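Listed features, source Swiss-Prot:
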CARBOHYD  Asn71  N-linked glycosylation site
CARBOHYD  Asn292  N-linked glycosylation site
CARBOHYD  Asn344  N-linked glycosylation site
SIGNAL    1-25  signal peptide
TRANSMEM  488-504  transmembrane segment
Amino acid sequence: MARAGWTGLLPLYVCLLLTCGFAKAGKLLVVPMDGSHWFTMQSVVEKLILRGHEVVVVMPEVSWQLGRSLNCTVKTYSTSYTLEDQDREFMVFADARWTAPLRSAFSLLTSSSNGIFDLFFSNCRSLFNDRKLVEYLKESCFDAVFLDPFDACGLIVAKYFSLPSVVFARGIFCHYLEEGAQCPAPLSYVPRLLLGFSDAMTFKERVWNHIMHLEEHLFCPYFFKNVLEIASEILQTPVTAYDLYSHTSIWLLRTDFVLEYPKPVMPNMIFIGGINCHQGKPVPMEFEAYINASGEHGIVVFSLGSMVSEIPEKKAMAIADALGKIPQTVLWRYTGTRPSNLANNTILVKWLPQNDLLGHPMTRAFITHAGSHGVYESICNGVPMVMMPLFGDQMDNAKRMETKGAGVTLNVLEMTSEDLENALKAVINDKSYKENIMRLSSLHKDRPVEPLDLAVFWVEFVMRHKGAPHLRPAAHDLTWYQYHSLDVIGFLLAVVLTVAFITFKCCAYGYRKCLGKKGRVKKAHKSKTH
């Protein structure tokens with residue numbers, strides 16, 4: 001009888017458990033960025049969907065990677081450009097990096113290849129021009145916004161709908177991360193983005209670091225002028241970059257202190273470096289055949305990322321010449337024109353399973369542009385690197401890995417075939433590179449929580465608590481002179497000067513009185529003698 005009673009109640013218990021699970025589920029708005037930025041953000045979104053959250057992704061109808069195979073609601077809006085326009089402008093930008101590097105805010109502002117940024121920055125105007133979509137978002141009652149800050153549209157959306165936001169990024173160009181999080185960044189040992197400096201800067205480098213910081217404050221507002229105009233138009237009030245970035249609840253930063261130099265951080269800055277790493281799978285048979293044919297020498301993996309498909313012919317031939325002089329088999333991800341001097345040991349492929357190949361025991365080195373995804377896959381799998389940075393954070397990533405003895409950096413504009421050959425032979429034959437990258441790999445993997453789980457936790461945290469105001473520093477409420485304690489310094493200086501002035505006056509008065517009295521005594525004594 002009792003057993004029958006329990007059996008009868010079983011469906012009720014199941015329903016209660018399911019109800020509890022759904023009660024904890026929230027509603028999340030996702031505003032992503034196209035290209036490689038989406039690769040790891042997608043993994044967080046997919047896990048949130050698996051955990052029962054209702055996810056809505058808002059994206060432009062023109063994109064390279066966005067929204068593919070997502071089991072959630074995807075809302076698109078029309079854009080003022082076509083996919084051909086986007087491809088063309090990106091090719092202009094990428095091709096220009098083979099002739100003119102971006103090493104400062106001024107060079108970025110004055111570059112003639114910035115059309116791709118104008119396209120991306122226009123997305124938010126297109127989104128808010130879709131009144132039907134805006135109305136849908138307004139009525140959806142989201143718990144939070146999960147966003148990539150590259151084009152600032154997610155930040156504008158969060159501010160427009162008054163929603164707490166979780167930013168997902170490697171870093172923020174200009175000074176907007178430090179300003180938005182109110183995080184100190186001493187210029188004496190925290191290098192600015194794009195410079196490719198280490199934390200142990202020479203006097204000259206510290207001078208350049210200060211100049212770069214000044215450049216950012218002078219020129220970044222002009223670079224983001226279109227974004228700020230669009231934001232002001234949408235929010236119907238003058239908007240600064242600080243207004244957009246300073247309301248972020250949590251910063252999910254795709255780095256950690258295995259890659260980064262030690263520096264001050266704030267409590268709402270969460271480090272999830274290596275979130276793109278995963279357990280390597282067996283490589284496809286085609287690639288396994290290449291590996292087996294390489295013999296004892298093994299293979300070298302060569303990829304400049306998903307966004308760089310072609311290399312200038314002269315440079316491609318110099319690279320091909322260097323690759324032909326090493327005994328390893330080289331798997332080169334390349335879709336450009338086949339170099340005429342390509343050696344037999346070099347195999348061109350349009351796609352390769354990068355992480356799986358790096359995890360193969362026969363992989364000896366990785367030639368990379370030093371994007372954060374590739375660098376972390378190299379760290380996770382313990383493969384030394386030859387780095388050829390092109391733009392963005394790549395110069396900084398390369399410098400960090402070179403400083404830690406995990407690879408060699410080459411200037412892609414100036415390097416010769418011999419430079420690449422020597423760099424490859426160094427990282428393959430010098431055991432210190434392998435030992436250093438394995439040490440970094442061990443440090444990176446020694447953590448209490450996996451980066452993906454940590455990212456999911458903090459997104460859910462913001463959804464549950466409608467933000468994280470307890471992590472917001474009071475520095476946001478101070479004026480610039482209060483933040484730097486200039487009013488306190490001024491007051492204390494005034495007190496010291498006042499006390500010094502009064503003391504001086506008292507001493508002067510006492511001295512005059514004393515001197516006057518002594519003078520009168522002398523005068524009286526002199527008159528008596530006469």
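Quick reminder: no glycine exception, Cβ is built from N, Cα and C everywhere.
Positions of Swiss-Prot features highlighted on the structure.
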residue: Asn71; record: N-linked glycosylation site; DSSP class: coil
residue: Asn292; record: N-linked glycosylation site; DSSP class: helix
residue: Asn344; record: N-linked glycosylation site; DSSP class: coil
Cβ neighbour count within 10 Å of Asn71 (N-linked glycosylation site): 10
Least surrounded among the glycosylation sites, given as Asn292, Asn344, when other CB atoms within 10 Å are counted: Asn344
Between Asn71 (N-linked glycosylation site) and Asn344 (N-linked glycosylation site): CA-CA distance (Å): 44
Inter-residue C-alpha distance, Asn71 (N-linked glycosylation site) and Asn292 (N-linked glycosylation site) (nearest angstrom): 38
